[in-house]
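Asker: Please read through the structure below; I'll follow up with questions.
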Amino acid sequence: MDSRLNRIQSKMKLWIKDKNLSNPSIPLKVLNKSFRSSRQSSVSNGHGLYSLDRDETESLMSSHEASNAGISLDSSFRVIQVGQPEPQYGNNAVTNTKYDLFTFLPKCLYEQFRYFYNMYFLLVSLSQLIPPLKIGYLSTYIAPLIFVLLITLTKEAVDDLKRRRRDSYANNEIYTVNDSPCAAQNIQAGDVVYIAKDQRIPADMILLETTVGNEAFIRTDQLDGETDWKLRIPCSNQHTEGIVHADAPIKSVHHFYGTFTLNNQKRPISVDHTLWANTVLASDGVYGVVVYTGKDTRQSMNSSKAKTKVGLLEKEINFYSKILCTFVLVLSIGLTFSHGIKTDWYISVFRYLILFSSIIPINLRVNLDLAKIVHSKNTESDPNLPGVVVRSSNIPEELGRIEYVLTDKTGTLTQNEMEMKKLHVGTMGFSAESMDVVQACIQNYSTPIPLSEDSKTLVRNLVLALSLCHNVTPSKGHDGVVSYQAASPDEVAIVKWTSTLGLVLTNRTRDAITLNNNVYKILNIFPFKSETKRMGIIVQSPDEKITFYLKGADSIMQNFVKPSFWLEEECGNLAREGLRTLVVAKKDLSAEEYSAFSLAHSDASLSFSNSRDKKMEEIVSRYLENDMDLLGLTGVEDKLQKDVKITLELLRNAGIHVWMLTGDKVETARCIAISSRLVSRGQYIHTINQLSSREEAHNHLLTLRNKPDSCLIIDGESMEFCIGYLQNEFIDIVSDLSSVVICRCTPTQKANMTRLIQEKKQASVCCIGDGGNDVGMIQVANVGIGIVGKEGQQASLAADYSVKEFSHVSRLLLWHGRISYKQTSKLAMFVIHRGLLISVCQVVYSVISAFEPIALFQGLLLVGYSTMYTMLPVFSIVYDRDVSEKLVFLFPELYKEMREQKCFSYKNFISCVLISVYQGLIIQLFTFYLIGFEEEGKMLAVCFSCLIFNELIMVALQINTWEQTIVMSELLTLMMYILSVPFLTNYFELKFLLGLKFYWVSALILFISLLPVWCGKALKRKLKPSSYAKLQR
């Protein structure tokens, strides 16, 4: 064995030299490790599984090549015995929950005490256990903190229970495993699973056997975003025995390396034999053996771990809380030392810190959490958003701060339903309304529009070519209804269309196609490849004529057909309509011509060199792909979701950059970008595809810099190239474009691009998708929106918001997002204002009290001020509306204006602080001046009453629309205060409250306190009104 290993290492060295690899030691280590692993596997399993031959050496080479290309690949093979469960690889349970029974409390408490103001109040509360620092009652400080934590813990528990229920639904889906029913979560590696048609594949499997035919199709749009169905080949013709050697789990959905051994005969298996988890079987039932489960599946490895999202507003409030705390600390030290240095000065500092703790209000957390709940419930109860589900109530205000929307294409912007829309033959064009003319040509009866025989022949030839040049297989269901299976929905749409014209595909085998009762022999078939952008077939008709048919992208096909004056122009017309265009051509072959081609092609296919595919393509090009007869063009429409065009226009007008990230081909994405109006009419489209050098990338970016209004279409590999070499320049230029389309984009690339925008642009990003391949970016985004898809609910379950269709996004952002951000910001400002106001009064009282840290308000007054006396009016702000729904959608620019001005900005914060300081000084100083310092009962009655009424009037001055809830909260609070006064005899002098002096003093103080605020507001509306204020007029 060692001699064979040395021989293979020698070959590896030659291969390394050929590949110009920079680190030749890696593949030898990989080979040694894999050889040892395989040898141990052979001994432990009692099978002579590994005699390292050429195929295995190439497999190991490919493994390193994949690793060198950036695929994280461990070459330790896992051995799977068909039908023998392997519990050591773990179960197949899906989990999106954040907590379990043991981690809930510590994790939640950690999340809460990450907020500075919560930690601050915890320390303040604990300080009351130290006798020298005790001020008033312990419950005055500890009760609000406990209340805040209980509200938050309850909300988190409810949200996580909902996630657990959703996971339970997916985990308990029943499958037939080893001929017995089994829940999806209990499936293990080694199990043989039967998958029925249209059933979701629960784990990564190797296809063993098909029940009908010898091939299967899967839909992968929920995994990689590609709309084309994928052909899969069984590696056996039975499902009861065999051994699979598979490489370690990797992220790449396009690579797989392994072998399948049956009766001591070993054969290589590749990605063509795989059934990845979360894809859907599109053909008849199959049997597969499970290789990877749970977190080891491609789907899970391409998904980001769920994290607790924190809104930007929360971070801003946390920052300003630290500023206020610093101010409190400086103020406390200043007041302590302003009256001389005492031996116990530190106790005075701490007592001042506790007295002024209201500056950082503990109930800010409660108010914000309750506001989030209210906004979330309003969203869910919106009759214009049927089926919307708020899965995370932590970030409703983030909906109002979105700068970038990154959206998937398949199932999000489109319905993934293809429809034949246009046909172009020579100078004749046929739309959907005039297809009866085409049908008349096919069925040889008189056409509604007179056509010459030559024209009719051209139409027949084109339709016949479309009926034959495809990979579609008909399948009859149990109900007798015929369905079509293919690797491309375009082909299915075209075949369905030709069947309506009378050319019905009734049967297909590997060797023949049957149209009605006519059998056409398949001599050769050349499958579609993204690199070649075309698909061809050679058939022999019932009358022995041999014809080569070819269809593909216009950019490629124009090189193969005879010169045409109309081809380029008509292709451009169809593309501008957003249709997926195919050029169709044919070439008649004599028996001698076909024989010569067949011999040359066969010789090329037997080549063992790495250039075998290239040689075969050269033969096809030399013998077939030249001087072909142009038959015509087809235009297929990928139907858009409802109101997609309107929604995208609204988002753009709101100043939001819209990007489309898709796993689909460049041509397909380009068509959808045009048809959805993501690209405006006449807008310049710049395409970057298959970049190979830094100079080329730099030139592309230079072009884009000079054309900021253009749309960029770029493939995933080119994007990775730009990020790797020119990251800052790439992000700076691309982020300013009006629209960007990224094609051939993997789930990991989607998530990475989201992170880049967040980090480099410090912008809020909203990601929208409907498939499992979108989960990663949805979890990374500031706000993730999942659309309930036809193929599953993975994106919907992982998202913060779940909606039924893409058109709901505009309402979610422009209406609910704007309200949430604006009103929550205003609420936070008022809570801070309320805390500062009472703290300023306390500062004035301490100064007048010879700088002693004595409490002005204690007990019920201190607790009641921020709860039953002011909480309802202040909280009612969340129900205010500055403009109507109609105006928001008529003027989406309001969204952009609000986001750019920032509701919770330095300017607004400083304004809030100055107003609070001014009003606090006026209330406390004028109370002392007009009432006196000695009569504490009278002084407290006036001062506290002015604080309450000042807050009620301040709220009233800020209200734009007097909703019933707001009016009731003001009146109810006023009544509660009046009715509670008789119970405040320990603090107030009740006889004074009944006298005239109390009323005129209070009225005078309130007038002086509120007059500047009212005047400032009136002047601003007059001289520099905001856009919404103008609309209110």
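Counting begins at 1 with the first residue displayed.
Glycine is treated like the rest: Cβ placed from N, Cα and C.
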Asker: Tell me which range among 106-126, 274-294 Swiss-Prot lists as transmembrane segment.
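Answerer: Checked against Swiss-Prot: transmembrane segment maps to 274-294.
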Asker: Hey, what's the Cβ neighbour count for D774 (Mg(2+) binding site) at 10 Å?
Answerer: 37
Asker: By a simple count, how many Cβ atoms lie within 10 Å of the Cβ of D770 (Mg(2+) binding site), its own Cβ left out?
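Answerer: Result for D770 (Mg(2+) binding site): 35 other Cβ atoms within 10 Å.
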Asker: For K533 (ATP binding site), what residues in its own chain, 6 or more apart in sequence, show a Cβ-Cβ distance under 8 Å?
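Answerer: Listed in sequence order, they are G552, A553, S555, I556, E667.
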Asker: Round to the nearest Å and give the CA-to-CA distance linking T410 (Mg(2+) binding site) with D664 (ATP binding site).
Answerer: 8
Asker: With an 8 Å cut-off on Cβ-Cβ distance and a minimum sequence separation of at least 6, pull the same-chain contacts of E491 (ATP binding site), or say none.
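Answerer: The answer is H470, N471, V472.
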Asker: Can we call the transmembrane segment (992-1012) and the transmembrane segment (913-933) in contact, meaning three or more C-beta pairs below 8 angstroms at a sequence separation of 6+?
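Answerer: Contact between the transmembrane segment (913-933) and the transmembrane segment (992-1012): present, because at least 3 Cβ pairs are under 8 Å.
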Asker: Taking the Cβ of T410 (Mg(2+) binding site) as the centre, how many other Cβ atoms fall within a 10 Å radius?
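Answerer: A 10 Å sphere around the Cβ of T410 (Mg(2+) binding site) contains 31 other Cβ atoms.
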Asker: Looking only at Cβ atoms, how many others are within 10 Å of the one on N773 (ATP binding site)?
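Answerer: Around N773 (ATP binding site), other Cβ atoms within 10 Å: 33.
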Asker: Among the binding-site residues listed here (D408, D664), identify the one with the smallest other-Cβ count within 10 Å.
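Answerer: Per-residue Cβ counts within 10 Å for the binding-site residues D408, D664 bottom out at D664.
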